[in-house]
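*Asks:* Sharing a structure here in structure tokens format.
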Amino acid sequence: MNHYFFNLCKISQEGKILIFLFLKFAGKFLALLLSPLTFVKLVGSCRLRWIKKLDWRGLMKTLLNKLKWIALAFAFLALDFFAQTLFVIKKDLSNTGTAIIASLGLTAFAALAWFLLWLLKEPLNFKKIRWGMYGLYVGLGVPILFAIKSIGGIVLMLMSNTSTSANQAAIDNLGMPIYLYFVFACVFAPIFEEAIFRKCLFEKLFGFEGWQKWLGWIGTSILFGFIHLYSSPSNLLSPGLWIIYGGMGLAIGFVTMMNKRIEFGYSLHVFNNLIAVLFTFLMQLLTH
């Protein structure tokens with residue numbers, strides 16, 4: 001049978017080259033035929049290896065941590081509503097005794113919010129603040145917020161013949177004295193709203209890194225506007241009010257995001273509300 005097989009030792013150099021080229025071509029052709037199957041097998045194998053390599057314990061830990069902060073956001077929101085129901089809503093705040101009790105009660109709930117953040121090892125800490133950046137962002141943020149509210153007020157006036165925001169109208173209707181207004185706007189509201197929207201939802205749910213931060217910035221700003229307007233369908237449909245409260249959420253959220261510290265947004269929130277309180281106080285002096 002050996003006569004029917006090539007004896008490579010006796011084949012010429014040209015014959016060896018032709019055999020080599022033929023085998024090379026045949027190998028490529030066979031590889032081309034098998035490539036789809038190989039690709040499918042390779043993808044399947046990689047997928048299985050990828051699934052096997054997933055850190056399921058780490059993923060579950062991350063998921064549970066995110067759910068924890070969502071639950072805490074609802075807890076802070078529930079405390080916020082409970083405090084307002086207990087001390088503000090449907091109360092005769094023109095009565096001095098009632099107003100003083102409300103001021104003390106709201107201050108106590110604000111202190112509780114601070115304590116809860118400390119208990120969660122997420123306290124508001126101004127010791128490590130970069131004061132140059134703090135002054136820059138808060139200093140620029142205040143006039144920007146004023147401009148946003150002015151634009152929203154103009155739109156509101158043009159579309160509904162009023163320039164009074166939903167919160168301001170509610171406060172005016174309650175007959176809230178100026179010291180209680182200060183406690184509500186500058187002590188109580190900022191700590192709860194920053195804990196809910198910028199700490200629990202923005203920082204802990206989305207984070208301040210990558211593309212997720214932009215989604216968190218927009219999403220929490222919309223929620224911030226919604227929570228101030230949801231009580232009335234007419235408020236929800238008002239472009240002017242959305243400019244005011246949605247714009248506030250965007251501005252405060254941007255300052256927080258750029259510095260990765262809620263202390264910046266909290267301070268801007270307080271200063272913004274303080275200006276509103278002082279303006280209201282000035283208007284009361286002028287009208288009385």
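Sequential numbering from 1, following the chain as shown.
The backbone N, Cα and C atoms fix where each Cβ goes, and this holds for glycine too.
Remember, it's a predicted structure, so these values are computed and weren't measured experimentally.
So TrEMBL lists these for the protein:
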type: DOMAIN; residues: 179-275; note: domain 'CAAX prenyl protease 2/Lysostaphin resistance protein A-like'
type: TRANSMEM; residues: 29-48; note: transmembrane segment
type: TRANSMEM; residues: 69-87; note: transmembrane segment
type: TRANSMEM; residues: 99-120; note: transmembrane segment
type: TRANSMEM; residues: 132-158; note: transmembrane segment
type: TRANSMEM; residues: 178-202; note: transmembrane segment
type: TRANSMEM; residues: 214-231; note: transmembrane segment
type: TRANSMEM; residues: 237-258; note: transmembrane segment
type: TRANSMEM; residues: 270-287; note: transmembrane segment
*Asks:* List the helix, strand and coil residue totals of the domain 'CAAX prenyl protease 2/Lysostaphin resistance protein A-like' (179-275) as derived from DSSP.
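*Replies:* Breakdown, helix to coil: 85 helix, 0 strand, 12 coil.
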*Asks:* With the transmembrane segment (99-120) as the reference, which stretch in 69-87, 132-158, 214-231 has the largest tally of C-beta pairs below 8 Å?
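*Replies:* Ranked by Cβ pairs under 8 Å, first place goes to 69-87.
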*Asks:* Compare 69-87, 132-158, 214-231 by their Cβ pairs under 8 Å to the transmembrane segment (178-202) and return the stretch that comes out on top.
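*Replies:* Against the transmembrane segment (178-202), the leading stretch is 69-87.
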*Asks:* Same-chain Cβ contacts of the transmembrane segment (214-231) under 8 Å, 6 or more residues past its ends?
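*Replies:* Residues 77, 166-167, 193, 197-198, 201-202, 205-207, 238, 241-242, 245-246, 248-250, 252-254, 257 contact the transmembrane segment (214-231) from elsewhere in the chain.
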*Asks:* Give the nonlocal contacts of the transmembrane segment (237-258) in its own chain as ranges (CB under 8 Å, at least six residues past its ends).
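*Replies:* Here the qualifying positions are 137-138, 141, 144-145, 148-149, 151-160, 165-166, 194, 197-198, 202-203, 208, 213, 216-218, 220-225, 228-229, 264-265, 268-269, 272.
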